[in-house]
Amino acid sequence: LFDGIYPFYLQKRKAAVFDISTIIVIVVFLTFACTFLLIIPGIRGRARLYWTFRVLLSLLVGAVIVVVQFTGDWETGWVKAKTSYKSFSHALVNVDVGLQVGLAGVNITLVGNPMNQLNETINYNEHFAWSLDADYDHSYAEGLEKGLPSPILYVAEKFTTRSPCGVHRQYRISSRYASAALWVAFCTWLISNMLFSMPVLVYGGYMLLVTGAFMIFSLLSFSTVRNSPMCPIQFGTAALNPGYGGSFWLTLMVGLLCFVAGMAVVTLHYFNLDLLKTFFDLREDKAEEHQEMTEVYVNPHFVSKDL
């Protein structure tokens, strides 16, 4: 014990701004985009605009599919509350409590309002993982041993396996299926790009439709957590009610974009193939295949007078 209470961190842990994995993915796709922008001046004519639109749009779709795997805002919620800060203490603090649910676990944020209260800086962000190689209950037990603030432990306890809420299994299974569907969508996105680089554009459109379908399936999988009644997260009279976050809506938007792009490719293939080939810079290849000889040179010594 430290002054009669459980000890806290000697150095306060700051709330995380960005996840390292998310930054790495963004940097990789930005590198691809910048590399393409360096070589785009070598493409002449209107094809330069078409190439820029296609490549940047494709990179956007691929980046979103990978990034949302590591983000923690599939479900978010915030609440302002006046609650106890430490165990075995009756002192109350004004805080903002945040809950961010991702595919790999939950992040619980505690920020003082104001930040300095009780001679301490209240600014915490704790992650409790439920991925395949993680033990959520063990992470929660470590939080108890460290002496995390009471609001964080109260919210984290709702997602343990022994909690009466019983939402841990539902969240964990739904997140796994959603993650698996997104990885399949990433594979179909790669296949669609390979097909678009060959003169089989309609199959690339079909693969875009499959990509959008798996992204929507990941959203449906994650949405099944709503089938389980969520225990109320109550801080006095204030309640924390999480709703769908930015990653959920971003995945939905990109999934619908894949549907629209795939349907456009398939429709143009059957109704205006020339326009589709022009957009994909393949019309020149078709012209070469059907090119006819415009001028013929004949040696008159080998041609009969009748001809």
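Using N, Cα and C of the backbone, Cβ positions are placed for all residues, glycine too.
Where the annotation comes from TrEMBL, it is an automatic prediction and has not been curated.
The feature transmembrane segment is assigned by TrEMBL to 20-39 (among others). The list of residues near the transmembrane segment (20-39) in space but at least 6 beyond its ends in sequence, with Cβ under 8 angstroms from a Cβ of it, reads 52, 55-56, 59, 62-63, 66-67, 70-71.
The transmembrane segment annotation in TrEMBL covers 51-71 (among others).
Summarising the annotation, TrEMBL assigns transmembrane segment to 91-111 (among others).
Within the same chain, residues 54, 58, 61-62, 65-66, 68-69, 103, 203-205, 207-208, 210-212, 214-215, 217-219, 221-222, 251, 280 sit at least 6 positions outside the transmembrane segment (177-196) and bring their C-beta atoms closer than 8 Å to a C-beta of that stretch. The transmembrane segment annotation in TrEMBL covers 177-196 (among others).
Residues or ranges marked as transmembrane segment in TrEMBL: 202-225 (among others).
Below 8 angstroms of C-beta separation, residues 57, 60-61, 64-65, 68, 71-76, 102, 182, 201-202, 204-209, 211-213, 215-216, 218-219, 222, 279 of the same chain, each at least six residues beyond the ends of the transmembrane segment (246-271), sit close to that stretch. For 246-271 (among others), the entry in TrEMBL reads transmembrane segment.
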Q) Against which stretches of its own chain does the transmembrane segment (202-225) lie, if we need a Cβ under 8 Å and a gap of at least six residues from its ends? A) 61, 65, 74-75, 103, 167, 170-171, 174-175, 177-179, 181-182, 184-185, 188-189, 191-193, 195-196, 248, 251-252, 254-259, 261-266, 269
**Q.** For the transmembrane segment (51-71), distant same-chain residues with Cβ under 8 A (at least six beyond the ends)
**A.** 19, 21-22, 25-26, 29, 32-33, 36-37, 40, 43, 102-104, 179, 182-183, 185-186, 189-190, 193, 196, 211, 215, 246-247, 250-251, 254, 257-258, 261, 279-281
